[in-house]
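Q: Quick paste from TrEMBL:
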BINDING   Lys636  ATP binding site
DOMAIN    39-173  domain 'Methionyl/Leucyl tRNA synthetase'
DOMAIN    223-421  domain 'Leucyl-tRNA synthetase editing'
DOMAIN    435-592  domain 'Aminoacyl-tRNA synthetase class Ia'
DOMAIN    628-672  domain 'Aminoacyl-tRNA synthetase class Ia'
DOMAIN    705-824  domain 'Methionyl/Valyl/Leucyl/Isoleucyl-tRNA synthetase anticodon-binding'
MOTIF     44-54  motif ''HIGH' region'
MOTIF     633-637  motif ''KMSKS' region'
Amino acid sequence: MSASPTRYDPKTAEPRQQARWTEANAFVTRDTGRPKYYVLEMFPYPSGNIHMGHARNYVMGDVVARHKRAQGYDVLHPMGWDAFGMPAENAAMERGIHPKGWTYDNIAQMRAQLKLLGLSLDWSREFATCDPEYYGKQQAWFLELYRRGLVYRKDGTVNWDPVDNTVLANEQVIDGRGWRSGALVEKRKLNQWFLRITDYADDLIEGLKTLDRWPEKVRLMQENWIGKSRGATVWWDFAEAPAFLPASPEGEPNHARDPIEVYTTRPDTLFGASFLALAPDHPLTKAIAENRPDVADFVKACAQTGTSEADIEKAEKLGIDLGIRVRHPFDPARSVPVWAANFVLSTYGSGAIFGCPGHDQRDLDFARKYDLPVVPVVRPDGAEDVEIGTEAYVGPGRIFNSDFLDGLSVEEAKAEAIARLEASDYGKGTTIYRLRDWGVSRQRYWGCPIPIVHCAACGVVEVPTDQLPVVLPDDVTFDVPGNPLDRHPTWKHVACPSCGADATRETDTLDTFVDSSWYFARFTDPTAAEPINKDAADRWLAVDQYIGGVEHAVLHLLYARFITRALSDAGMLSVKEPFAGLFTQGMVVHETYRRADGAWVEPTDVDLTNTAGVRSARQVSTGETLVIGDIEKMSKSRKNVVAPQEILDSHGVDAGRLFVLSDSPPERDVQWTPGGVEGASRFVQRVWTLFDGFDGSAAGDPAQDAALLKETHKAIKAVSEGVEGFRFNSAIAKLYAFVATLRDHDAASGSARREALSALARLIAPFTPHLAEEGWSRLGETGMVLDAPWPVFDPTLAADDEVVLPIQINGKRRGEITMPRGADPTAVEAEALANPGVRAYLESQGQSIRKVIVVPDRIVNLVAA
Ligand code: ANZ
Ligand code: ZN
């Protein structure tokens with residue numbers, strides 16, 4: 001032990017090590033031809049501040065990156081900014097700051113805060129999606145997809161503010177009203193740009209099967225979102241119609257009288273149909289509304305309620321009889337009435353259903369309300385009948401009341417019904433998807449301009465590649481509602497690239513999910529002239545470990561998977577799946593504190609006391625008593641955040657890094673507590689004391705040397721497995737135990753302790769990298785622990801040198817003894833016979849030993865009589 005132990009001072013050590021890394025360009029990606037590993041955390045939106053909640057995500061990525069580097073991989077670990085989007089425009093509107101200035105200022109601030117954390121990021125690859133160098137490349141591939149037919153225009157629905165005369169983003173609609181005008185927002189159809197994600201619906205589902213390093217729940221969420229369903233399209237001919245619907249002229253199509261197309265997943269229940277129901281905005285409903293004021297009123301009333309599936313699910317079932325009857329496809333003599341109903345979505349299937357009240361709850365509710373017949377056609381196996389009261393029977397069973405389907409199981413009947421429909425031309429088997437094409441148009445300024453020009457003569461014209469990027473103009477104002485690009489005096493007026501005539505630019509910008517759908521590919525060569533340098537992408541993709549919040553389980557990940565496929569098909573990439581491994585982390589939560597007037601108070605301004613188990617809080621600055629509130633996700637609005645700078649100043653970044661990973665498994669939330677960080681900080685000191693006290697020339701006790709060596713290899717194994725399996729908390733628990741072992745073995749020799757401490761420095765390096773470097777230097781190493789190889793586990797060294805041998809008497813286990821591995825059989829025999837349990841047993845049975853068989857290191861068999 002050294003004579004005068006020094007205290008570890010993170011405030012000097014951490015900047016010292018960070019300066020060393022910076023000077024050595026230590027985190028610039030090495031590409032030496034070794035196996036590669038790409039670690040990526042979902043890049044942040046630059047809202048302004050990083051807190052320890054965000055930090056946990058990046059620290060996890062850093063643990064992986066440093067571990068893989070130590071294992072000898074060439075590691076890519078970049079960082080950038082998802083920088084377009086509404087908050088920048090809101091800041092501009094509220095505070096008169098330009099979105100660009102606001103965004104880049106925030107980026108500068110957040111970059112500085114992230115750097116405090118000592119993350120092994122390759123900052124030389126940094127970019128923001130609002131850099132023209134980035135979004136210009138996005139425009140280039142957007143046009144490539146346009147040429148390939150994956151981009152198209154059609155009418156889409158937008159939120160329209162009738163007072164401000166502008167389109168509103170979803171987040172600008174508050175309780176159905178415009179955020180600024182307070183006017184009731186209307187739905188409007190507007191010509192917009194769409195990406196044909198539905199072309200890939202099946203492939204996106206198929207691909208999920210290959211993602212064996214994704215959480216099962218995320219794969220399920222994606223599958224449900226795509227929503228593949230197998231069923232049938234059924235056509236129903238008119239039997240009766242109101243006179244005002246024009247009769248069909250011979251041989252010509254007549255949209256008011258064409259057979260009504262219905263989509264069903266239950267063609268087996270066709271004989272139970274008692275009505276058809278159309279969506280309120282189905283073309284036929286609208287045609288009838290033109291002649292029937294009551295139907296027109298119904299349509300209008302439906303337009304006022306929400307159109308989301310959840311809204312519709314909640315609303316009371318309402319309908320109106322349209323005065324039409326259609327023929328049953330399996331029994332032309334039978335006809336059923338056609339209604340319009342509010343629970344039928346115009347955007348799913350064909351916007352029309354047949355109602356089978358016996359076996360569908362919504363249909364049953366509707367039938368009971370409007371007194372329509374209920375004809376059950378499925379009964380549970382073995383049952384005579386099925387009673388339908390207020391609950392539909394949706395279970396399995398056999399078909400009855402159904403002519404040629406009688407006696408078949410539900411599945412058999414589906415197949416048979418489809419075969420009959422196809423044979424008679426009244427329908428066909430169909431697969432449909434819930435997934436819709438991706439509407440990417442936003443009527444906003446702070447986004448990637450869509451590189452299109454509209455010409456009166458030529459129509460839609462691409463901006464030629466040599467005129468990219470189409471750069472956002474800076475001279476815009478936000479004092480008037482609406483899209484500044486629309487009212488900009490010059491920006492949108494250009495010569496048509498094709499004919500030279502006066503033309504206008506597209507003023508819609510792209511959904512920011514487009515920006516984040518390919519950034520991981522751009523990181524592989526962020527300055528490439530092409531959108532993607534294929535060689536670099538082939539070298540680094542797929543991302544081996546992607547880490548981020550589960551809130552992105554559906555849209556971001558689905559869009560990224562789609563764009564990766566689209567770009568691969570365009571020859572720009574070779575992979576189909578961008579993220580081979582995905583980890584969704586838990587959050588950092590923190591207690592909240594409020595004053596009597598309801599104001600939130602920052603933890604730094606709170607003094608906590610605990611009197612006989614009763615906790616109370618006082619505001620330091622005012623002396624006021626505070627209410628201790630719920631434990632919530634760290635967020636600015638609750639003021640319950642802890643900033644990296646605070647941690648650096650109080651306990652050091654390493655303690656903060658260690659703590660956010662130590663207290664619960666990475667996929668779960670962790671509660672930030674002052675006590676927790678202090679504990680981590682004490683551990684940092686304890687580790688330093690071990691290094692500080694190291695004396696390489698110390699003589700030692702050989703027994704302790706052997707024991708320490710064994711414990712070292714046990715620790716290597718356990719920590720490696722913890723890191724590898726994303727169980728960082730258990731890896732840290734092992735490190736705590738290993739440190740305790742090192743303290744217990746203070747009589748080990750200098751060389752044994754060197755070996756143990758060398759392993760310790762490398763094992764803690766992913767978690768507390770600054771401390772690890774300091775310790776490494778203290779051992780006399782000249783290089784950086786960052787570049788030291790991960791310690792290799794040697795199973796022979798870790799093997800326990802004692803074995804437990806069961807003792808059997810006449811084939812039954814009656815006890816056990818612990819012996820040194822490889823012990824002499826006569827010694828084992830003597831020990832077994834002397835075993836008190838064995839002796840007591842023999843005595844109780846009145847038996848004595850006839851024979852002893854020792855299987856070395858395995859078992860002792862005794863034959864007694
Ligand atoms: C008749 C039937 C009988 C149905 C029965 C269900 C049970 P999934 O599985 O989600 O694809 N449906 C079809 N189009 C609809 C629309 N535009 N709006 C509301 N509902 C619609 O659901 C398919 C089922 O949802 C279809 O099968 C149809 O009702 C209804 F015992 O047809 B079914
Ligand atoms: Zn033109």
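Numbering starts at 1 and runs along the chain as it is shown here.
Heads up, the Cβ atoms here are built off N, Cα and C, so glycines get one too.
Annotations in TrEMBL come from automatic prediction, not curation.
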Q: Take the motif ''HIGH' region' (44-54) and count its residues per DSSP category (helix H/G/I, strand E/B, coil), listing them in that order.
A: 3 helix, 0 strand, 8 coil
Q: With Cβ distances under 8 Å as the criterion, find the stretch in 223-421, 435-592, 705-824 that has the most pairs with the domain 'Aminoacyl-tRNA synthetase class Ia' (628-672).
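A: Of the candidates 223-421, 435-592, 705-824, 435-592 scores highest.
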Q: Summarise the model confidence on the domain 'Methionyl/Valyl/Leucyl/Isoleucyl-tRNA synthetase anticodon-binding' (705-824) as a single mean pLDDT, whole number.
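A: On average, pLDDT over the domain 'Methionyl/Valyl/Leucyl/Isoleucyl-tRNA synthetase anticodon-binding' (705-824) sits at 93.
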Q: Counting across all protein chains shown, how many other Cβ atoms sit within 10 Å of the Cβ of Lys636 (ATP binding site)?
A: 12
Q: Run through the domain 'Methionyl/Valyl/Leucyl/Isoleucyl-tRNA synthetase anticodon-binding' (705-824) and tell me, per DSSP, how many residues are helix, strand and coil.
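A: Helix, strand, coil within the domain 'Methionyl/Valyl/Leucyl/Isoleucyl-tRNA synthetase anticodon-binding' (705-824): 69 helix, 17 strand, 34 coil.
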